[in-house]
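Among the features that Swiss-Prot reports, N-acetylserine is placed at Ser2, with the record citing experimental evidence. Positions annotated as region 'May mediate interaction with PSMC5' by Swiss-Prot: 68-223. Under the heading N6-acetyllysine, Swiss-Prot lists Lys122, Lys179, Lys244, Lys261. What Swiss-Prot records for 219-259 is repeat 'WD 1'. Annotation comment: Swiss-Prot describes 262-301 as repeat 'WD 2'. As annotated by Swiss-Prot, repeat 'WD 3' applies to 304-345. According to Swiss-Prot, the repeat 'WD 4' annotation covers 348-387. The repeat 'WD 5' annotation in Swiss-Prot covers 390-429. Among the features that Swiss-Prot reports, repeat 'WD 6' is placed at 433-472. The feature repeat 'WD 7' is assigned by Swiss-Prot to 473-503.
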Amino acid sequence: MSLICSISNEVPEHPCVSPVSNHVYERRLIEKYIAENGTDPINNQPLSEEQLIDIKVAHPIRPKPPSATSIPAILKALQDEWDAVMLHSFTLRQQLQTTRQELSHALYQHDAACRVIARLTKEVTAAREALATLKPQAGLIVPQAVPSSQPSVVGAGEPMDLGELVGMTPEIIQKLQDKATVLTTERKKRGKTVPEELVKPEELSKYRQVASHVGLHSASIPGILALDLCPSDTNKILTGGADKNVVVFDKSSEQILATLKGHTKKVTSVVFHPSQDLVFSASPDATIRIWSVPNASCVQVVRAHESAVTGLSLHATGDYLLSSSDDQYWAFSDIQTGRVLTKVTDETSGCSLTCAQFHPDGLIFGTGTMDSQIKIWDLKERTNVANFPGHSGPITSIAFSENGYYLATAADDSSVKLWDLRKLKNFKTLQLDNNFEVKSLIFDQSGTYLALGGTDVQIYICKQWTEILHFTEHSGLTTGVAFGHHAKFIASTGMDRSLKFYSL
């Protein structure tokens, strides 16, 4: 009987068998393999020298080695070479199988690591955005005294007992009249000329998005619902969010100057004071809050309404606030004392108010209602002097032009109507696409351009009333739009919680 070693493929001198694989080996070769690896070379199972079983056979008589110059010698050399190749091939197959298993395991680990990295990256991004809304800026660390011209902090944040309304005293009425006279005189001096610095229509039509900021408000409660620019420095941006916060943002430094917290519901209206470091906000929590920007604190809470506050406008004097509400009243309040001077409702209508806006002169103002009416009021007499019917659906926004005689209105009927206050009639209707929503209307400071925000952002040139610009960058509904100084840029906010800027 002839035995062949599974390692050398030769007849072994001291054959033995492995009980693990049942293969025959040359003892000296298998002992060396076990010393190095401790396993059976065929199936890699653990194997020790003690487990090897010797095989007793008659020793074959080895033939004499052939001469190196004979054909048998060549055949023997080829046979030896073949044996070596086979042994090497066997080893390579074993190594290949091991490598494949290791590679498969590594690929599974890599896939799992990629998933973990993607999840952590998403969490880090959300955390950074949340941090951006909470991180105080250096300018807010040191408290500053509120100037004497600003409202007192006494009773800030506490409910106000309005008691009897103060009323429109002769002094207040005279103050309003004097301011209106000054503004009317200035408007007449300007005439129909527009500022030389104002961006021309052909330049405006080339505006494109140049910046987008999404870290102002909370990522967990997305949506910016209100927008205003500081009249004296349009680089300062004011926003109100669904996260109940009011944010003051600096466009030039791209930094949050203040995050103002205090409302218990979303913030739907915000207004910048033109000359003081004050901002105003209104919310469905039925409060109007007056904030000090340097201190990042609330200095006054005006409780003029019993239901959600839907509109907010600052009088040209900078001393009084107009507000509208779901409680069907409009209110006129003093920002210095926080007291409500007068509250009026149209008893014949019995309908909630949706928005309110002062005329540039401040002696009249407009309100929008849930039943599609635009009402013009005389502030001094507190009387409804004109009504503009024609819309269908709740009024969503109204805007007076700086020229003093144009009024733009929008409702849930996919249209914008232009009214001439001198003739008290509708002279133009901008019919938009079906299901187009309009949430914000505003004229630029010169009355040359009209911007509307809603489903998209659209810019119209007044008098011709033709669209010259259209932006669709917001992934959600646009809730606010505003012009920079001399229309050098345009800002917009949306439910995608982004603040976007457009310019050349």
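The chain as shown is numbered from 1 upward.
The backbone N, Cα and C atoms fix where each Cβ goes, glycine too.
Where Swiss-Prot records a feature, it is marked here on the structure.
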residue	record	DSSP (3 states)
Ser2	N-acetylserine	coil
Lys122	N6-acetyllysine	helix
Lys179	N6-acetyllysine	helix
Lys244	N6-acetyllysine	coil
Lys261	N6-acetyllysine	strand
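Here Lys261 (N6-acetyllysine) is compared against the modified residues Ser2, Lys122, Lys179, Lys244, and the shortest C-alpha distance is to Lys244. Packing against the repeat 'WD 5' (390-429) from elsewhere in the chain are residues 184, 187, 354-361, 366-374, 376, 435-447, 450, 452, 454, 462, 465: each is 6 or more residues past its ends and has a CB under 8 Å from a CB in it. If you count C-beta pairs under 8 angstroms between the repeat 'WD 7' (473-503) and each of 219-259, 262-301, 348-387, the highest count goes to 219-259. Below 8 angstroms of C-beta separation, residues 126, 129-130, 132-137, 139-140, 211, 213, 265-272, 274-275, 279, 281, 283, 289, 291, 293, 296, 440, 445, 476, 479-485, 488-489, 491-499, 501 of the same chain, each at least six residues beyond the ends of the repeat 'WD 1' (219-259), sit close to that stretch. Spatially, by CA atoms, the modified residues Ser2, Lys179, Lys244 include one closest to Lys122 (N6-acetyllysine), and that is Lys244. When the modified residues Lys122, Lys179, Lys244, Lys261 are compared by the number of other C-beta atoms lying within 10 angstroms of their own C-beta, Lys122 comes out lowest. When the repeat 'WD 3' (304-345) is classified with DSSP, helix, strand and coil residues number 0 helix, 24 strand, 18 coil.
Note on the repeat 'WD 5' (390-429): mean pLDDT across this stretch is 92.
Remark: secondary structure over the repeat 'WD 7' (473-503) totals 3 helix, 16 strand, 12 coil, with classes taken from DSSP. A straight line from the CA of Lys244 (N6-acetyllysine) to the CA of Ser2 (N-acetylserine) spans 92 Å.
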